[in-house]
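Only one structure is covered here, and it is reproduced in the block below.
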Amino acid sequence: MAKKLFIETHGCQMNEYDSSRMADLLGEHQALEVTENAAEADVILLNTCSIREKAQEKVFSKLGMWRDLKQQNPDLVIGVGGCVASQEGAAIRERAPYVDVVFGPQTLHRLPEMIDAARSTRKPQVDVSFPEIEKFDRLPEPRVDGPTAFVSVMEGCSKYCSFCVVPYTRGEEVSRPFDDVIAEVIHLAENGVREVTLLGQNVNGFRGQTHDGRLADFAELLRVVAAVDGIERIRYTTSHPLEFSDALIQAHAEVPELVKFIHLPVQSGSDRVLAAMKRNHTVLEYKSRIRKLKAAVPDICISSDFIVGFPGETEKDFEQTMKLVEEVGFDFSFSFIYSARPGTPAADLADDLPEEVKKRRLQILQGRIHQQGYEISRRMVGSTQRILVTDFSKKDPGMLQGRTENNRIVNFRCDNPRLIGQFAQVHIDDALPHSLRGTLIEGTLH
């Protein structure tokens, strides 16, 4: 009977990508088959996130739940990867001594030998080093599962924002070779992928070396990816305002495969707070980039990240954030109350803002952005939208779903699985709080 692999993933899309590559790697080297049931697994991997304190505590809570499985099956291998593993290293075993393997985001390619060593020696294996881009040279070609796929183009971040652990857990920025990225996209397209999402902690900071030794920037990469036969849509995340260049904006104007949606984190609308965060840009500079982007693509939708209650944030600072929210018209956000991360400069700042004030501000911010997003969705009612059909609806197996150019989920009545992977025109009938409902226009599939 085939041995089983269970992977649980916390955090960002980069972690989702890494988890898929772990499955590819262990499927090829150890013939492990992915299962959705941890209780039947021979190997359990937890791919972790350390961006917030609650996310980190969630790791040890989950490991505690798996301790009984280890007691029942001493041959079970439990591994912890991702950013908590990178940050904590061998210290993870002080709280969870039954963990066999600890690996970082840059060492996941060493999983087969680490698992083998843990089994043969009965000793824990820990490797959270930063061997730069080596992991991409050691990973098998990605498996295709549906019409969409993630492609990692660079790793790490060199911005060192005062609140962020990423440079310490994923290392400095390292771009994959340009030709390697294109080769992966071609492989995906040849196997039925029609939409790719290019990933990086600072994806628009990509500087990939070409076969002739030249460095190509992210705007050039987008244009070449768009030229790959079969690729009809391109998304990317996450961007940094500092490197949202005029060349990138021009690509949005000229490359039809780029969707009309961008995620561009700003964190705060206060220059004073941005300086304390070491974001190295002002609100005015951010607004200038948004103005140019909207001039290039008038109907583009923009989402962002916000941290509420950063140490020293005043009511005036928060009001400036709300002003920016309304001026830009963000329609979605990842927004959280500030959580001090050990080892970051911001962790040394006095955090004396009452918790109830932070919660109130977060509620106001999220409420306003949700309202703006819903208003955009309502304006889409009556329109016809081109969507890529990706799967059955999660709530109704009699419906299919896909995404619009501006990142709205659309559900429509149809139970024919052969539509999955095709583009279709859908008439939008109704706007719900988190999705749209529509009717398939017959004869529009392609």
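Every residue gets a Cβ built from N, Cα and C, even glycine.
Of the residues CYS83, CYS157, Swiss-Prot places CYS83 in the same [4Fe-4S] cluster 1 site as CYS12, CYS49. According to DSSP, CYS157 ([4Fe-4S] cluster 2 binding site) is assigned to coil rather than to any helix or strand. In the three-state DSSP assignment, the secondary structure recorded for CYS83 ([4Fe-4S] cluster 1 binding site) is helix. It is CYS157, among the binding-site residues CYS83, CYS157, whose Cβ has the fewest other Cβ atoms within 10 Å in the structure shown. Across the fold, the C-alpha of CYS164 ([4Fe-4S] cluster 2 binding site) and the C-alpha of CYS12 ([4Fe-4S] cluster 1 binding site) stand 14 Å from each other. Sequence-ordered, the extra residues of this chain that approach the [4Fe-4S] cluster 1 site, with Cβ no more than 8 Å from the Cβ center of CYS12, CYS49, CYS83, are HIS10, GLY11, MET14, ASN15, THR48, SER50, ILE51, ALA55, GLY82, THR169. In the three-state DSSP scheme, CYS49 ([4Fe-4S] cluster 1 binding site) is classed as coil.
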